[in-house]
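J.: Per Swiss-Prot, the feature disulfide bond maps to Cys113-Cys217. Taken from Swiss-Prot, the feature N-linked glycosylation site applies to Asn7, Asn222. For Cys375, the entry in Swiss-Prot reads S-palmitoyl cysteine. For 1-39, 105-114, 181-223, 321-340, the entry in Swiss-Prot reads topological domain 'Extracellular'. Annotation source Swiss-Prot lists transmembrane segment at 40-66, 78-104, 115-136, 159-180, 224-246, 297-320, 341-360.
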Amino acid sequence: MLPPGSNGTAYPGQFALYQQLAQGNAVGGSAGAPPLGPSQVVTACLLTLLIIWTLLGNVLVCAAIVRSRHLRANMTNVFIVSLAVSDLFVALLVMPWKAVAEVAGYWPFGAFCDVWVAFDIMCSTASILNLCVISVDRYWAISRPFRYKRKMTQRMALVMVGLAWTLSILISFIPVQLNWHRDQAASWGGLDLPNNLANWTPWEEDFWEPDVNAENCDSSLNRTYAISSSLISFYIPVAIMIVTYTRIYRIAQVQIRRISSLERAAEHAQSCRSSAACAPDTSLRASIKKETKVLKTLSVIMGVFVCCWLPFFILNCMVPFCSGHPEGPPAGFPCVSETTFDVFVWFGWANSSLNPVIYAFNADFQKVFAQLLGCSHFCSRTPVETVNISNELISYNQDIVFHKEIAAAYIHMMPNAVTPGNREVDNDEEEGPFDRMFQIYQTSPDGDPVAESVWELDCEGEISLDKITPFTPNGFH
């Protein structure tokens, strides 16, 4: 989340540049800019594609939710919109300026440096905090679905989003504008200068006023701000995400195994009644596959996030203790190269381009995306049924149909089961994810089971990261 030079090291030609500045030689004055080399052209193309992809993906997510009433009705999508907006700001307010500086080899925007640094910290922190809020929302919806349905109102969702953005602003604009984030190196208009330049006075013969068109937007962080901001922006949120997604997996595992045991018993009873060979291990294998898919799903969520941001935040905390840093010891481990640091900065920002794919590409979003892009007639129309295990963390194709007698068999094997119309959950402590299994069987007004329609699962289904849609009291969305 830092500009070039933030790791306390200098560009290879930076000292030569300062020497020219000290001698009064203007750089980049009337002379034309040198032509871009092959590496600069490749860098420009790659960064442009990344920025465009980030913009399009997050704009598409926002447009889909604004257009679809069904998506707007889901409170979790409030957090998805907030995440998309923060990632959109990364693509608009952060990436383009750094991309130009990367290609040009210097910071051409002068005193805008401080504002850009504040935007960088704010947008990146907001994106990470929104990911943390989404994980907490999903855990709450899965572990306490009925309480979640009562408590998670639009007002509550907006309060949670507001807190995430407020915290992001507090740790970015206030410290940056007050220069609390900087080390003790002298600076001019947000542009760091060597100590010998800082000690010059206007009446000295070789005094030079900095040329803002040829400077480096260097913002070396002091130790206090580097560690505290990293804790708030990354380490605490990632710890919360690890805990919540671990709990989600355990809850999903329990649900899958309990449902699988009911499936095996029902299949065994049905096959024995029809004099067919009993194969109870089929559902067991399906259960293992489902658990594996849930694990893969959660691994993608955490794996992408950690791989994108962890390297940067490790360096962000390590750099103030480097030997080349103004606050670092005279002898210590050297700072990383500028190229390495920049690569990890872009890795972190690349997370904003992947979030729309991870958090929004489920069946409902895909349908609206197809309408927005005008390809609804060409896109796949394979029906997707979301199985409410772990509150729609998994989606399956409609292939295997369990009819009336199997659904009824589940109820006969659950002696304490009651229909949802007669069962109320008043005690949150007694509520558990498996309570929703009672909602499989429902009686219509004329006494016929509604479950005779279908209850569909697909053991070979395709995984997708779906939104959270908690069960309503009547057992349907």
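Even glycines carry a Cβ here, placed using N, Cα and C.
Tell me about the surroundings of these features in the structure.
T.: Packing around Cys113 (disulfide bond) is summarised by its Cβ count: 25 other Cβ atoms lie within 10 angstroms of its Cβ, all protein chains included.
Neighbours of Cys375 (S-palmitoyl cysteine), defined as other CB atoms within 10 A of its CB across all chains, total 10.
DSSP states for the topological domain 'Extracellular' (105-114), grouped as helix (H, G, I), strand (E, B) and coil, give 5 helix, 1 strand, 4 coil.
Sequence-distant contacts of the transmembrane segment (78-104) (same chain, at least 6 residues past either end, Cβ-Cβ under 8 Å): 3-4, 33, 36, 40, 43-44, 47-48, 50-51, 54-55, 57-59, 61-62, 65, 112, 116, 119-120, 122-124, 126-127, 130-131, 133-134, 137, 154, 157-158, 160-161, 164-165, 168, 217, 342, 345, 349, 352-353, 355-356, 359-360, 467.
Distant neighbours of the transmembrane segment (159-180): 78-79, 82, 86, 114, 117-123, 125-126, 129-130, 132-133, 137, 187, 225, 228-229, 232-233; these residues of the same chain sit at least 6 beyond its ends, with a Cβ under 8 Å from one of its Cβ atoms.
Sequence-distant contacts of the transmembrane segment (224-246) (same chain, six or more residues past either end, CB-CB distance under 8 Å): 1, 121, 124-125, 128-129, 131-132, 135-136, 138-139, 167, 171, 175, 180-181, 298, 301-302, 305-306, 309-310, 313, 316-317, 319-320.
Sequence-distant contacts of the transmembrane segment (341-360) (same chain, six or more residues past either end, CB-CB distance under 8 Å): 1-2, 4, 6-7, 9, 47, 50, 53-54, 57-58, 60-61, 64, 80, 83-84, 86-87, 90-91, 94-95, 98, 102, 124, 127, 131, 134, 300-301, 304-305, 307-309, 311-312, 315, 319, 465.
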J.: I'd like to know the mean pLDDT over the topological domain 'Extracellular' (105-114).
T.: 89
J.: Distance check, please: Cα of Asn222 (N-linked glycosylation site) against Cα of Cys113 (disulfide bond), rounded to an integer number of angstrom.
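T.: Roughly 17 Å, rounded to the nearest whole number.
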